[in-house]
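According to TrEMBL, the protein has these features:
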- A:6-247: domain 'CN hydrolase' (DOMAIN)
- A:Glu45: active site, proton acceptor (ACT_SITE)
- A:Lys112: active site, for glutaminase activity (ACT_SITE)
- A:Cys148: active site, nucleophile (ACT_SITE)
- A:Ser174, A:Lys180: L-glutamine binding site (BINDING)
- A:Gly287, A:Leu288, A:Ser289, A:Gly290, A:Gly291, A:Ile292, A:Asp293, A:Ser294, A:Thr394: ATP binding site (BINDING)
- A:Asn370, A:Glu399, A:Lys511: deamido-NAD(+) binding site (BINDING)
Protein chains: 2
Amino acid sequence: MMNRSLSIALAQLNLLVGDIKGNTDRILRALKQQRGRADLVMFSELALCGYPPEDLLFRADFNQLCITQLARLQKASVHTAILVGHPWKQGDQLYNALSFFSEGKLLGRYFKQLLPNHSVFDEKRYFTPGNTSCIVEFKGYRLGMLICEDIWSPDPVDALKNLGAEVLLSINASPYHREKPYIRNQLLINHCKGTTLPLVYLNQVGVQDELIFDGCSKVFNAQGDLIHRLAAFSEESLVFNLKELASQQIAETAIDADHPLAQIYDALVMAVRDYVNKNGFKTAILGLSGGIDSALTLAIAVDALTAKNVQALMMPFRYTSEESINYARQQAQKQKIELKEIDIHPIFDAVMGQLAPFFADRKKDTTEENLQARCRGMLLMAMANKFGHIVLTTGNKSELAVGYSTLYGDMAGGFDVLKDVSKTLVFKLAKYRNARDGVEVIPQAVIDRPPSAELAPNQTDQDQLPPYAVLDKILEGYLEKDESVTDLVAQGCDEATVRKVIHLVDSNEHKRRQAAIGPRITCRDFGKDRRYPITNGFRHKDLAKD
Amino acid sequence: MMNRSLSIALAQLNLLVGDIKGNTDRILRALKQQRGRADLVMFSELALCGYPPEDLLFRADFNQLCITQLARLQKASVHTAILVGHPWKQGDQLYNALSFFSEGKLLGRYFKQLLPNHSVFDEKRYFTPGNTSCIVEFKGYRLGMLICEDIWSPDPVDALKNLGAEVLLSINASPYHREKPYIRNQLLINHCKGTTLPLVYLNQVGVQDELIFDGCSKVFNAQGDLIHRLAAFSEESLVFNLKELASQQIAETAIDADHPLAQIYDALVMAVRDYVNKNGFKTAILGLSGGIDSALTLAIAVDALTAKNVQALMMPFRYTSEESINYARQQAQKQKIELKEIDIHPIFDAVMGQLAPFFADRKKDTTEENLQARCRGMLLMAMANKFGHIVLTTGNKSELAVGYSTLYGDMAGGFDVLKDVSKTLVFKLAKYRNARDGVEVIPQAVIDRPPSAELAPNQTDQDQLPPYAVLDKILEGYLEKDESVTDLVAQGCDEATVRKVIHLVDSNEHKRRQAAIGPRITCRDFGKDRRYPITNGFRHKDLAKD
């Protein structure tokens with residue numbers, strides 16, 4: 001046993017959900033690249049079809065194509081062994097499976113035992129859980145197989161240890177949120193220490209709709225020391241040999257060394273790039289208002305798509321300040337993007353003119369504010385339709401939470417970059433981006449000025465909302481931790497403010513249901529992660545009464 | 001045992017999700033009404049909080065309120081026994097439970113054993129399954145307890161039979177779709193015949209977001225004969241005595257006697273009424289185009305809300321025919337609703353004027369068509385905002401499937417009445433409604449004219465789409481039955497047409513994700529029922545290749 005040697009390649013790929021044939025081609029290319037360098041190449045969970053395939057899994061044609069393409073992989077394992085995740089239909093049951101192929105033969109097939117059905121996951125909708133551990137003997141090693149959720153409980157890992165596994169191989173499609181890298185890292189270390197086994201953790205990278213997969217695949221030795229780590233938010237491959245694990249140096253760039261803001265920023269950049277490109281767009285357009293949300297969105301878009309593929313529209317109205325126009329122009333210049341300007345007065349006036357017979361005796365209210373936003377949404381969509389751009393929406397999580405946004409107005413667009421980014425985090429990310437390269441891509445004045453929707457004279461957000469620091473504290477507690485009025489008041493929040501904010505959140509569910517999707521960076525976003533009824537009679541005041 | 005007597009009241013109520021205190025008040029009133037008339041009053045699944053409460057179930061304050069309100073029901077059982085569904089938190093586990101209270105005491109508490117996690121259901125996201133049958137002895141009868149999904153497999157029913165149950169009491173929140181009444185009825189009859197036990201089936205009535213609960217609660221004798229049936233699509237209560245079950249006459253109005261179109265029509269009327277009212281609106285507005293979709297939507301809206309609470313806007317443009325304007329006016333007159341007319345030329349021209357510098361050398365394309373729709377959407381929203389109406393959207397399932405609709409244009413609104421109604425079914429429902437009372441509420445000419453979006457000169461839908469009979473056959477197979485290209489071609493559909501339609505469906509997922517919600521009337525709607533990725537590389541032609 002002293003002469004054992006097993007070199008493993010980790011292929012951390014950015015695959016496309018549903019593109020079974022294309023993904024198979026990608027996997028085959030990655031396999032070929034490792035020929036002669038590695039004995040085994042590992043691919044991520046459901047790599048064959050991408051994760052999560054959602055209701056495509058109900059299609060017989062989809063599952064059929066998975067089976068024929070998997071056969072190509074089996075055949076290709078003649079030179080180099082493959083460990084790959086894929087759906088597997090057996091009779092009436094569908095499994096979240098992995099196959100271990102070597103020399104054209106199936107050495108092991110494992111069915112995921114723990115199926116996540118919480119948060120953004122719906123795996124019990126699709127899969128039957130496996131009930132058997134799987135150890136593959138290969139090149140003198142007993143390799144224990146695990147798929148994603150299996151490591152989030154001690155049972156499957158302990159079962160492998162008891163069955164004599166010597167190494168744990170875990171393939172994953174584990175979505176990112178801002179706390180996830182730390183939680184996951186600690187979990188992996190604990191498994192190594194608990195079992196005294198080395199652990200190879202391979203994760204998917206890339207973005208699928210709202211979900212960001214950060215990659216960050218890792219290799220730990222039996223003491224839980226991090227030996228290798230792959231890139232965050234980009235593709236990478238790595239080859240290492242199991243026999244050298246014990247003697248190797250510990251990697252210096254542990255995940256914890258990354259700046260949390262850098263992680264979030266990079267996550268958003270990858271999200272924009274992937275969503276735009278995977279959906280067949282090359283260019284994006286957004287409304288630039290001179291405010292911080294659109295400024296940050298533009299910076300992210302340029303980092304994701306390059307300046308030549310991003311355009312902005314400034315659409316002033318009578319409440320737009322000179323500063324706003326100047327700041328928008330400054331930023332466009334700094335970022336070298338094309339800025340077009342379209343005055344919305346003639347459109348707004350035409351609409352109001354046609355409505356005049358009906359509005360005659362009515363006071364101004366939010367109707368007119370919404371109209372301004374809708375004139376802008378209409379122009380952005382027209383430019384996007386005519387020139388083939390995608391519209392990037394610029395609303396942040398705080399305003400989406402309280403409904404401080406206009407359906408079919410500023411909410412119009414294909415991808416809401418800051419959908420899960422609170423306003424206080426918007427400020428932090430803007431400062432981070434300016435500091436990162438020492439280049440002020442977002443004019444400092446935009447960061448410093450008081451936020452305003454500029455939909456009425458001298459309006460600022462704080463006229464209608466509590467200060468953002470207060471608002472975001474309440475929102476985080478209410479939305480991400482399910483805290484009650486009582487909980488929030490106990491933390492020092494003003495009760496009337498808490499009740500007002502919660503009321504706004506509850507009564508704006510219908511807007512969020514029609515919102516563009518956007519990347520998830522917190523432990524609970526406005527997407528698959530939060531499934532609230534629109535029609536909702538839950539009144540927090542009832543709690544006090546009884 | 002010959003002198004046993006147990007009178008049971010079925011309270012088929014329309015409750016409000018989340019309104020725990022309000023629902024408890026309603027339950028208490030229903031209980032009081034039956035005092036002296038019934039020994040036991042039955043309420044539906046999760047009646048305390050309404051069904052489905054979705055992620056409200058994750059809130060500690062929500063579950064706490066359920067517990068305090070449930071205590072009120074226990075207390076109130078002094079005079080009349082109660083069987084009621086409610087969530088039940090026990091340690092870390094949450095159960096979908098029922099409690100049987102009598103004389104202020106808990107006689108039995110049962111946890112639902114089978115948790116649906118398919119179709120529109122996510123119960124495994126929330127609940128731990130029970131693992132024990134429950135029989136309550138009351139007034140000399142052994143009553144077997146069942147909650148909804150428990151009857152959709154033989155096991156829980158057979159277990160109750162084996163434990164000596166004499167009557168099956170099943171409480172439900174079973175959502176309607178057009179085939180459901182028949183499927184459900186047969187299932188219930190089979191249980192009676194299989195167990196030779198009488199079965200009392202109580203269902204929720206009312207609409208919660210996209211889900212329609214049809215009521216249709218029923219009582220069967222041990223031979224599976226239908227003895228009593230409560231109303232479809234409205235509240236009703238009924239008292240009967242178990243001892244009389246065997247000797248009673250079979251009800252004449254079995255569910256099968258209802259006209260299938262009548263059921264669908266009534267379902268849509270209840271959907272509009274409930275969604276509008278439960279969300280705090282009194283009045284609705286819609287765009288009336290002179291076409292059949294808006295005509296049917298208007299008829300349903302008037303039946304739901306009465307004529308005085310419904311308004312329509314006709315918004316002609318240069319492509320709008322004289323007939324369209326006349327038909328819209330005719331229908332408004334027939335239905336006694338207020339029709340306002342707003343010419344969209346000045347708005348459209350103002351938008352095009354501002355875009356002229358950028359569009360100068362570009363040909364006309366769908367951009368200009370979308371703009372017309374968006375001018376109309378903007379006007380409808382402005383009227384709704386100013387006067388407090390909800391906008392009813394008029395798009396049907398066929399056009400939403402193939403993306404033959406404009407985001408922020410005709411898709412703008414709060415509730416899409418025909419969202420799950422195919423175009424061919426739109427025609428049938430329009431004819432049904434006219435025939436029903438012998439009054440032509442929808443002008444016959446509107447039913448007879450060729451459908452057109454009127455967004456370009458002399459345009460008809462059939463210029464761009466296959467005939468609706470063909471389109472709807474393909475859509476039903478692809479969307480509702482997951483049929484493949486091969487399956488559809490085998491049924492006689494033209495392959496090129498099938499591929500074109502499927503491509504349109506696949507590439508318009510992003511539009512549907514931002515669509516208004518609408519009532520579900522088929523076995524698979526565009527809602528919780530169909531969870532497709534927007535970013536989707538599944539290409540049907542790959543199936544042919546390999």
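Residue 1 is the first one shown; counting continues down the chain.
Keep in mind that glycine also has a Cβ here, set from the backbone N, Cα and C atoms.
Quick caveat, the model's predicted, so the values are computed rather than measured.
Distribution of TrEMBL features across the structure.
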residue	record	Cβ within 10 Å
A:Glu45	active site, proton acceptor	28
A:Lys112	active site, for glutaminase activity	26
A:Cys148	active site, nucleophile	25
A:Ser174	L-glutamine binding site	24
A:Lys180	L-glutamine binding site	19
A:Gly287	ATP binding site	27
A:Asp293	ATP binding site	25
A:Asn370	deamido-NAD(+) binding site	24
A:Glu399	deamido-NAD(+) binding site	25
A:Lys511	deamido-NAD(+) binding site	19
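If you measure from the Cα atom of the residue listed as 'active site, proton acceptor' to that of A:Ser289 (ATP binding site), you get 42 Å.
Taken as a whole, the domain 'CN hydrolase' (A:6-247) shows an average pLDDT of 97 in this prediction.
Per Cα geometry, A:Asp293 is the residue among the binding-site residues A:Lys180, A:Gly287, A:Ser289, A:Gly291, A:Asp293 nearest to A:Glu399 (deamido-NAD(+) binding site).
Under 8 angstroms separates the C-beta of A:Asn370 from a C-beta of chain B, among the recorded positions A:Glu45, A:Lys112, A:Asn370. The ATP site, placed at the center of the C-beta atoms of A:Gly287, A:Leu288, A:Ser289, A:Gly290, A:Gly291, A:Ile292, A:Asp293, A:Ser294, A:Thr394, has further neighbours from the same chain whose C-beta lies within 8 angstroms: A:Ala295, A:Thr297, A:Leu298, A:Ala328.
There are 28 other CB atoms within 10 A of the CB of A:Thr394 (ATP binding site), with all protein chains counted. When the alpha carbons of A:Thr394 (ATP binding site) and A:Lys112 (active site, for glutaminase activity) are compared, the span between them is 39 angstrom. Rounded to a whole number, the C-alpha distance linking A:Gly287 (ATP binding site) with the residue listed as 'active site, for glutaminase activity' is 45 angstrom. Under a cutoff of 8 A between CB atoms, and with a sequence separation of 6+ in the same chain, the neighbours of A:Ser289 (ATP binding site) are A:Met314, A:Thr320, A:Ser324, A:Ala328, A:Thr394, A:Glu454. Remark: A:Gly291 (ATP binding site) has A:Ser324, A:Val446, A:Arg449, A:Pro451, A:Ser452, A:Glu454 as non-local neighbours, by Cβ distance under 8 Å and separation of at least 6 in sequence. Cβ proximity to the deamido-NAD(+) site centre (mean Cβ of A:Asn370, A:Glu399, A:Lys511, cutoff 8 Å) flags the following additional same-chain residues: A:Ala373, A:Gly395, A:Leu400, A:Gly403, A:Tyr404, A:Ser405, A:Thr406, A:Leu407, A:Gly409, A:Asp410, A:Met411, A:Asn508. Cα separation, the residue listed as 'active site, for glutaminase activity' to A:Cys148 (active site, nucleophile), rounded: 8 Å. If you compare Cα positions, A:Lys180 (L-glutamine binding site) sits closest to A:Cys148 out of the recorded positions A:Cys148, A:Asp293, A:Asn370, A:Lys511. The subset of binding-site residues (A:Asp293, A:Asn370, A:Lys511) lying with their Cα within 10 Å of the Cα of the residue listed as 'active site, nucleophile' is empty, i.e. none. A:Ser174 (L-glutamine binding site) sits 28 Å from A:Asp293 (ATP binding site), counting Cα to Cα. In the three-state DSSP classification, A:Gly287 (ATP binding site) falls within a strand.
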